[in-house]
Every structure is written in C-alpha cells, then in structure tokens.
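Read through the structure below, which is laid out as structure tokens, and then see the notes.
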C-alpha cells in the first residue's frame, strides 16, 4: 500500500493498458487509463440561478456561496443559522429533545432524586474502574445500571452521560468540556440514548448489551457476538412455506429483452451532502467538526483560543476553502449547481428517463449543530432542485443516515409510550416533498410515512422500485440495537418480503435501493438483519433485477450468493451460486477526499437489468490550481465505461476458473448479456488472475483522487476481492480488515 504518485499512476495505467491490449482490445485499453477521459461539460463561472425559483443571495464574484431561497412546507422561514455561515447554531432547539417516560414502579422507588443520581454515578464509575473484571463485563454491567436510571428517572441520563464523558474523556474536540456538554444534552445524544437504555433488552443471553459494547460506543469493549443462525422453523414461517423460488419464476427471469427496443438511461446519484453553511475562505484542514466553516481552524496554525466566526486571520489558515469546493468538505451550492448543469449535458441522443438517489442529502456536521430544520432544508431544497433540473423524469429516493436529526438516530414505530411517532416530522417532510414534485402519488406518500421514509412505486410498466431505509440495519443507529435478537424489530424486512412477493405474483422485476451497504468490508451493517436480507434476496433472486446502495462515497460493488441454510456465512462464494449484485453509487460530495461523481446506467427496458454504465466525475482536488484564475467552472469528464473496463474475462477463461453460466465472446462478456450477479461474480474471478484490475478499480474507487492509496499488494488485492464477495456484514468482517476504503 502506498500513496498514488504521478509515477505510480503512470505505471498502473501502462500495466492495465498493456494487459488489455494483449487481450486484443485497443479500445478497451484506451477506456481504462487513469487519465481524465473526455470532457462532457464545462461549467460557467456564473451560478445557475435559473434552476431555482428565487435566490436569497448571490455573490458578486466568488467571495461567498450563493444561497437559493428555500421555504418550509408551512410557508414559514428557515432560521438564519441554517444558511448564514457566520451565524452558526450552538445547539438544536430544546423542543427537539425526546425523552422516554419513567417506569411507574421504578420511579416510585426513588425517594431522593439527588441521592439516586449520586449513587448511580458512583456505581457506574466503580464498575468501570474495577480492573479485576474484563472490559466487556464492566461495560455490560454499567449499561444495566444505566438502564435502571433510564427507567426510574430518565431525565437524569443526559447529565450522567456528560459527567461520565468528562471523567473518561469520551469526547475531546474542540475540548472535553465543550464536547461532552454539547454532545450529551437532551436534544442531541442524551435523549435518544436514554430511550435506548430504557427499551433495550439487557437480560442474560440477549444480544443487545454485548453488541452495543462491541460496536456502538467510542471504543470496542466486547467481541462481536456470533451471528444468530435462522432456524428452519423461522424461515418456513417467514416465507410461508415457500423457501425456494417457483420454477416458473426462475424460468421467466432468464428471458432477455428484445434487442430492437431502445434501452433506458437511468441516473444514479448519491450522497450530495449540501452544506449551506460552507464558508469560502474557511479552514479546509481543520482538526474537529465540519471543515470549510467560518469557525474552522487547524492546530498547526492556531492555538485553539476562541475567535468570532470568520475572524481567523488569513495568516493562520493552513488551507482556505475554495468557491467550488474542497476535498475534505461537503458540497457547497456552487458545486451542486455545476453537477446539476452537468446532468443536463450528459444525456446525449437518448434522454435520461429515470433516476435513483441512494441517500444523504444533508451535510455532515457536529452533532450539536444538526437540527430538524437543517435536514428539512436539504430535503426540500435538493428534491425540488432535482425536479427542476431533470424535468418530468421520476426519481426514486431513499434516506441516508445523515437525513435525520441527530444524525444516525432512526427510531422504529413500535417503541412504547407514543415514541414510535417521534420521527414523523421527517417522514411527513419527505412524503410532502416527493408528492409536491410529482415523484409519488398520495398512496405512495402514505407509504413513505408508514415505512420510515421508504416506499415502493412502479415508475414503469413491469418495474417495481423498493426504497428501503437501511438505517434499521446500520450499526451507527443506536435504535437498531433495541431487541437485536429479532432480525426485523422495525418490521421493514417483513414489508420488503411482502413487496417482493407481490412483485413476483404480478410478474414484475424489482430494483431495491437503500443507503447503507449490507456487507462489503462489514464495517457498516449489523449481522442479524443482513443475514435475513441475504435469505430474502436468495428467495426472490429471479424477481430482483438489481440493488443500488450509496453511503461509502466510493465506487464499489458487492455480490450476494445463495443462502438457504439460515447461516449466510456458510455461502459458497462460487460464481455459479451468485444470486444478486449491488452497486454502490459514488458521492457528489467530495468529503473523505474523493472526487465528485455521477453515474448513468444503460438498462434493458423489458427485463430492467443493467446492461452497462458510464461514470462521470470532476477533478475537484485540482480546482485550486486550475480554476483560481480560469474563466470557467469545474470541468466534468467521463471517467470510464463499465463494460469496456471490466468486460474482458479472458484470463480466467484461459486459467479454467471462469464459472459464470454465460458463454464468452472471444474472452469478453457478450454484448447482449446484462451486467448481472454472474458478471460481477465472474469479475472477481478475473481479478484473481489479473490483480492489476483491482489496482485500477482502486483508482476509480475515489475517482482519480490524489489521496488514493493504490491497492496493489497481495494482501490488499485478496481483501478487496473478499469484500466484493460479501453480501452481509458477517462475511465482510471475516475478510482481512483495513482495506475497505482507498482514502483512509
């Protein structure tokens, strides 16, 4: 593993080009170099104000970010702290705090609240400080004390969390006192954590406590528990006795569309993360919080003493945020505007007729600066912008982990005491916005409210798109740990299964879209839910045409293999057993040092399988050099074509390791064969024969980012192929860790 230098990039490019040339395709060699590729759109310097109904502010030059006028659905106004880079909030409104009700019996037993609090704090610190016990047992015991407090006097929980944070320094940026007091207040983490403590099952043998101690805290105190194997009885009941596909469905899925039919062009966008607080001239290389802000600073240039937003002297800046965006920060409006303009210029002769958006509209931010209004602003602004940019084209969307407040916290409907409705502000905003832009009707809008922002819809005859809120299997959502022994406590996977059954009965093909990936490196999802998901996908493999994720910001894919035994870790990972593939859409946001990207699929209009795709991007990490004095904005390029880049499978064919049920055409995947599960599984076999393909993939993963750590060691290549073959978190975690991202 090493940093990508210009010499390294040249060597990789020559290696890959030579390998493909030897395979007999000069065109493919040209398509898979690490050069930028052909330019498809050059943005003007002027912001595209015509894409918005009205503007709140437009800079005369590039001294600040343009601000479109965005109005809430109730016709009020968003607070100044949402869009004014110099008026940053210090906390979300106290009215956003949601606390659990006390248990009557536990509450009645508390005679002196102050004494009860002091005793609880002493008990918890005594448990934590007792080094004679294992870290895991101490963590679980401390959680049980916390649960007793949450059930007896829930209002005490935030203050106790602040005290514990200060004592053990769980948070320290910008400093321990500030971080702890702000992070664990009622309206940020204090309220939700009080709910999780109150409702989780910490009884002996239940998995909630050990999973929380292993995965959900600032440190890992326990080993991750073994995944629960689904019993035959469970699976029989789940699938109503039909655990395998009916033969007529399997046969039906093997039909191909008529070649004379014009293919669909489908847009895939993900992770826009618009930052309305982005400050031109703010610190890019900050040490805490969101960078490119008026209060950002770098420890290399500033001592940390307070300063008014925007008043940090230029001499104390390590790197100033540019107008068009910066590689460590989220998307300013100028970058979002150029991306929307680029979409209008990559249509070509055939228009884009359908789109999917796989989540994360809102910016990353300090948790105490995230509010419901910030999320609503992003949802209304961006869905409306996409509608106005793309015209009558329908987009099917899903929510990401940042599309809520606090970020990552998504509560299920079945919490007690009416707390199952605490997210209704979000579901209502999404439902109303999607209906107002014409992407759903009133029936589908009701589904959005019922299914946590998810829904199913049929944008074309024969196609059902199911939008699934992946935050209910996401390991960073604390509510996902409540009753984790139930792989579907929220009921989402029951709904997914029912939708797939309805699609099978109606002879429809299905796309599933969700934000978080279920497997890959195993870093983002929980074992029990994704084990069930693998079995659901296996059962409906012939109905599911494709799966689309986002979240990682990187260009990745994962393959699902047939799982019928209740244990997804026992799958064969053989190409002949591949049942589905998921493509992770690259982000528009440059955060995490990637270059912004958008993707367009070519899709069979009858089978709805992906035939090909083109990946586009802009080289943001060179904006400072190229655009400072240029008379234009970002230049958007075509980065690569999927079939030309990955369609040569001749090395595995020659080695006798090619196992896909498709006959190759002179070593190439046939032009009329879709890029389905068999293709992506076969590509991993090819990568074992030609490791340089993994190296090339790693360069494309962050879209030619200068920060790319090229994957060219045997260790990295093996781990990456293992990730690609992992449809569940347990499978991904069994691979060697440390290679999931190329821009760590």
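Each residue, glycine too, has its Cβ placed from N, Cα and C.
Automatic, uncurated: that is what TrEMBL annotation is.
Quick look at what TrEMBL lists:
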SIGNAL    1-28  signal peptide
DOMAIN    264-554  domain 'Calcineurin-like phosphoesterase'
DISULFID  286-291  disulfide bond
DISULFID  292-329  disulfide bond
BINDING   360, 401, 515, 551  Zn(2+) 2 binding site
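Per-residue pLDDT, averaged over the domain 'Calcineurin-like phosphoesterase' (264-554), rounds to 97. Same-chain neighbours of the Zn(2+) 2 site beyond 360, 401, 515, 551, judged by a C-beta within 8 angstroms of the site's C-beta center, are, in sequence order, 271, 358, 359, 399, 400, 402, 403, 470, 471, 474, 516, 550. Counting Cβ atoms from all protein chains shown, residue 292 (disulfide bond) has 30 others lying within 10 Å of its own Cβ. Within the group of disulfide-bonded residues (286, 291, 329), the Cβ with the highest number of other Cβ atoms inside 10 Å belongs to 329. Cβ environment of residue 360 (Zn(2+) 2 binding site): 270, 271, 272, 273, 400, 401, 402, 403, 515, 550, 551, 587, 589 lie under 8 Å away, each six or more residues apart in the same chain. Taking all protein chains in view, 22 other C-beta atoms sit within 10 angstroms of the C-beta of residue 401 (Zn(2+) 2 binding site). The 10 Å shell around the Cβ of residue 551 (Zn(2+) 2 binding site) contains 26 further Cβ atoms across the protein chains shown.
A sphere of 10 angstroms centred on the C-beta of residue 515 (Zn(2+) 2 binding site) encloses 27 other C-beta atoms. For the pair residue 291 (disulfide bond) and residue 329 (disulfide bond), the Cα-Cα distance reads 6 Å.
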